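Structure first, commentary second.
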Amino acid sequence: MNPHAKLICASSLIVGTTITISSNHWILAWTGLEINTLAIIPLISKSHHPRATEAAIKYFLTQSTASALILFSSMTNAWATGQWDITQLNHPTSCLMLTMAVAIKLGLVPFHFWFPEVLQGSPLTTALLLSTLMKLPPITLLLLTSQSLNPTLLTLLAISSALIGGWMGLNQTQTRKILAFSSISHLGWMIAVIIYNPQLTTLTFILYTVMTTAVFLSLTKIKVLKLSTMLISWTKTPMLNFTLMLTLLSLAGLPPLTGFLPKWLIIQELTKQEMTLTATILTMLSLLGLFFYLRLAYHSTITLPPNSLNHMKLWRTDKTPNTPTAILTALSASLLPLTPLMITML
């Protein structure tokens, strides 16, 4: 891809995200979302592969539908209340339409079908952007309107996302699809608590972004797209594969690692709100995710002898140090002792 085109797309992504998260007017927020959508499409389809083109078309159709719903929701609210302020979303129909629109943008169940397919057709770097940066503006809109949204609907979306995200990830062999369903499952946890403690949702999103970025950067470094190639990737960079295993276990939410922190705090918050049943269901559903994370971790560190699989062999492995991956992996594994500090910040 042309470096100038790449620079324009990257700067447009930053500008669009900044406009949406800093605006308090619906039209400005909608404009930022549209800039984001138009900027990411060339990055999705830059390989000119039929699957990449298909992914770009699917992404455009779903995001334009969601943007139209957001615009319709805000206009309905302005018609009924005379307010264009994002925090003044008081009309019940507008709240319902906004929840649906943001669910489509985030890829929450039952609007999740586009997300794994788009990630599978995108390069790893673009898949990282779709899983992290592109989730920020819709989540910001939910945070700003959280006091007006329907708690029952959000709880239903959260439980179904955690269920489908864990269940559909069990049988996947492509790493990008596994991480897509992982993203859906994590978003379910964030949505469950967004009304009761928006700061906790923000913390969960930040930690999820750190861990997912570490996983994607590691996969980009070792050039792994399938579980079958991950089986023999340890011969290239054994230490990177070991740290990838730690990051995957952290994403699973195992106790000594950073990923346990948000799940622990969310369960605690739901219990405080007398939603013990929801907390129990989410905890049980996280076992589904734990299974495929353990599967990924096992594949990343298993010591199979190199065999003749049909994939591209690298004559020389890039052994240059990667500082961002090292920092993010360290954060993914070691932030649990800082829990008291994070609780005081919430």
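Residue 1 is the first one shown; counting continues down the chain.
Glycine is no exception: its Cβ is also placed from the backbone N, Cα and C atoms.
Unlike curated entries, TrEMBL annotations are predicted automatically.
The domain 'NADH:quinone oxidoreductase/Mrp antiporter transmembrane' annotation in TrEMBL covers 23-288.
As a whole-number mean, the pLDDT of the domain 'NADH dehydrogenase subunit 2 C-terminal' (290-343) in this prediction is 77. What TrEMBL lists as domain 'NADH dehydrogenase subunit 2 C-terminal' is 290-343.
Remote same-chain partners of the transmembrane segment (56-76), defined as residues 6 or more beyond its termini with a Cβ less than 8 Å from a stretch Cβ, comprise 26-27, 29-30, 33-34, 37, 40-41, 44-45, 84, 89, 91, 93-95, 97-98, 100-102, 104-105, 111, 114, 117-118, 121, 141. Here TrEMBL flags 56-76 (among others) as transmembrane segment.
Taken from TrEMBL, the feature transmembrane segment applies to 96-115 (among others).
If you look up TrEMBL, you'll see 152-171 (among others) marked as transmembrane segment. Within the same chain, residues 96, 99, 103, 108-110, 112, 116, 177-178, 181-189, 191-192, 194-195, 275, 278, 281-282, 285-289, 291-292 sit at least 6 positions outside the transmembrane segment (152-171) and bring their C-beta atoms closer than 8 Å to a C-beta of that stretch.
Per TrEMBL, the feature transmembrane segment maps to 178-196 (among others).
Within its own chain, the transmembrane segment (202-219) is flanked in space by residues 124-125, 127-128, 131-132, 135-136, 139, 143, 175, 179, 182-183, 186, 189-190, 193, 225, 240, 243-244, 247-248, 250-251, 258-259, 261-262, 265-266, 322, 324-325, 328-329, 331-332, 335, 342, 345-346, which lie at least six positions past its ends and keep a Cβ under 8 Å from the stretch. Annotation source TrEMBL lists transmembrane segment at 202-219 (among others).
Packing against the transmembrane segment (240-261) from elsewhere in the chain are residues 182, 186, 207-208, 210-212, 214-215, 218-219, 221-222, 233-234, 286, 289-290, 293-294, 296-297, 300-301, 325-326, 328-329, 331-336, 339, 342: each is 6 or more residues past its ends and has a CB under 8 Å from a CB in it. The annotation transmembrane segment is assigned in TrEMBL to 240-261 (among others).
Counting only same-chain residues 6+ beyond the ends of the transmembrane segment (281-304), those with a CB under 8 A from a CB of the stretch are 158-159, 162-163, 165-167, 169-170, 172, 175, 178, 181-182, 185, 188-189, 192, 227, 230-234, 241-242, 244-245, 248-249, 251-254, 263, 266-267, 270. Here TrEMBL flags 281-304 (among others) as transmembrane segment.
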